[in-house]
Amino acid sequence: MQLYLVLLLISYLLTPIGASILGRCTVAKMLYDGGLNYFEGYSLENWVCLAYFESKFNPSAVYEDPQDGSTGFGLFQIRDNEWCGHGKNLCSVSCTALLNPNLKDTIQCAKKIVKGKHGMGAWPIWSKNCQLSDVLDRWLDGCDL
């Protein structure tokens, strides 16, 4: 029990100040305002679905992929080995900039990624959870854009 409390306290202390999960409609509005609705032919619903399955709408999310050793950053879990930081840095952005809750750098980098030959298929989680979904409309239910 003591170990559990210590681990809980440590995880609380390591949570970045100001880190918060964004609401679904907040994410939709920010992505819409950032010009992602039908960008390269992909509806806003696809982008919101991707954001949910990649980060659960957490713009501060950082997850390491144990399979390839890369780390994903931010709302869309953009990988450091190719798109940001010290890797190929095809987005010309620091990985930590992708953790900003204003999503400006995240949206600009996502636009570069989706312009590539794979489109949104560059995110395998989108292909698995969003691409063939017949309920994409639900991602914008009740959102005032």
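Backbone N, Cα and C atoms are what each Cβ position is placed from, and that goes for glycine too.
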From Cys130, Cys143, partner that Swiss-Prot gives for the disulfide involving Cys25: Cys143
As recorded in Swiss-Prot, which of Cys95, Cys109 forms the disulphide with Cys91: Cys109
Which recorded positions sit within 10 Å of Cys84 (disulfide bond) - Cα, from Glu54, Cys130, Cys143: none
Listed disulfide-bonded residues (Cys25, Cys84, Cys95, Cys143), ranked by Cβ neighbours within 10 Å, top entry: Cys84
The domain 'C-type lysozyme' (20-145) [mean pLDDT, rounded to integer]: 97
Per-state residue totals over the domain 'C-type lysozyme' (20-145) - DSSP helix, strand, coil: 53 helix, 10 strand, 63 coil
